[in-house]
Amino acid sequence: MELLKGMKAEEATGGRTIWRNIIWLIILFAYSLIGGILFSAIEGNYDKSELLKKYEQDLDIYEKHQILQVEIFQKLREIDLDQTYLQNSTIISTEVKRQKMLHVNDALNKYEQKLGINIKLPIMEDTRWNIWGGVYYAASLYTTIGYGNFHPETPAGRIISMIYAFCGIPLVFTILLEWGFLYYTWLDMFWKWFNVKFCASAMQKHLKRRLAKEKTRRAGSDLSLRLTSLGPLTQIESGKKISQLPIELSEAEGQRTVPLKAALIFFFLWILISAFIVRLWETNWTYFTAYYYFFTSLTTIGLGDVVTETPNYIIFNLALTMIGLSVVGLCIAIVQAKIRLIFDRMIRSIDSQYRIRQIDPDVATMTVIPNEKEGIKRLCEAQPIQDRIIYIAMDEHKKQLLEDRWRQRSSMINRITQTWPSRADKCIQTGQRVDEQPPPRIEGSSTLSDEAEDADYDPVTGKRVVPPSTRRYIYTVFD
């Protein structure tokens, strides 16, 4: 019931989040449109002038090529129509002249092709820097992909590019993280619903295992306290036995969290879907080429060896790319949730080490390893391999908090093993150490405890011999 209430609360919060992300989407569209207009205005005019110059140069080369072909034909004709040929033949017909001209033209074209020269009538090209080309270039800036097929040539364009990227990269990263957390909210709600609907028994078993571990730990704590303490257990902080204290597991401990592999599966599935869609207008691409293009785009590698050939469809490419990049934000959100879970577990583990140190300092890891860095390292080594990898991604602030917690706990005075006031007074009067005094009488008892009666004393000095503890504890790191 509480889980369903939590899901309803998350749905209400998710509604507000959707509107906020719609606003972010409008801001991103406006920012992209502004970039497209700026870059098309700055680079478009320059590109048009360069294309016009190139067209005029190609046209001049083509005209010279045509003139040279005619001159070569005339030379060959003069050689062919020498005086001997004219004396021994009739007048050459027009058809023969035309056939010879075609043969000469074919011979010249084959010669030029072998040289790698291909001279055709030039066509005036349109500039790539229209508004959609500008949006394409703007998107390659603020997503940090940088395909390389679009780049500014003017100083003004380069200056605007730096300013645009400087403002756009933080903006887009914020939007992608917002979308990633929105996807995480949806995925988390679906995961909880799926577990409640189809995996209720598994969740109950998981919760029972956590509760059983907690009860076992607390029962062991009570037993150890009875063996090591001469005072009543009712004096421990809350006034109750440890096993009688209410068991409260954190929310993360009581339910299953969204696995990281679910986000990775969705990431690669989105690449498959995007590769299928993009081939609707990139007809020259194979499916593998489309998949390769989106993989290099969503990982922000941007090698530039495969780029879109239809900038007019950039709005669709941009939509597919932004959704894919927000899935990367989803992965980051899941990793951050895992980091918070591991951080809470390690805090509880440090507190468990402190409780064990209270019970028996001789066997506590916190006593053996007082150094906080080494202690945290030992805790990490006891984690599963996946948690150890995620711990590497934990920020330095959280790691410092763990070290501070270890240092704080290891320096605290053991409240349970403090000396009793009567023994402390006698210690001050006799000058002897507390462990050398005869054992005190337990309140409400006329005889010494069994442990006091069986105690050994040195025959020479008369001091009590306190043997080292031989008790050991079996506990989980994240209990």
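The backbone N, Cα and C atoms fix where each Cβ goes, and this holds for glycine too.
TrEMBL labels come from automatic prediction, so no person has curated them.
If you look up TrEMBL, you'll see 21-42, 131-150, 162-186, 258-278, 290-307, 313-335 marked as transmembrane segment. The annotation domain 'Potassium channel' is assigned in TrEMBL to 127-178, 266-338. The region 'Disordered' feature in TrEMBL is assigned to 430-463.
Remark: the transmembrane segment (290-307) contacts the transmembrane segment (131-150), by the rule of 3 or more CB pairs under 8 A.
With Cβ pairs under 8 Å as the measure, the transmembrane segment (313-335) is packed most heavily against 258-278, out of 21-42, 131-150, 258-278. If you look at the transmembrane segment (21-42) against the transmembrane segment (258-278), you find fewer than three C-beta pairs under 8 angstroms, all six or more positions apart, and that falls short of contact. Sequence-distant contacts of the transmembrane segment (131-150) (same chain, six or more residues past either end, CB-CB distance under 8 Å): 31-33, 35-40, 43-44, 161, 164-165, 168-169, 171-172, 297, 300-302, 304, 307-308, 311-312, 314-315, 317-318, 321-322, 325.
The list of residues near the transmembrane segment (258-278) in space but at least 6 beyond its ends in sequence, with Cβ under 8 angstroms from a Cβ of it, reads 184, 187-188, 191, 285, 287, 290-291, 293-295, 298, 316-317, 320-321, 323-324, 327-328, 330-331, 334-335, 337-338, 386. Across the domain 'Potassium channel' (127-178), the model assigns an average pLDDT of 89.
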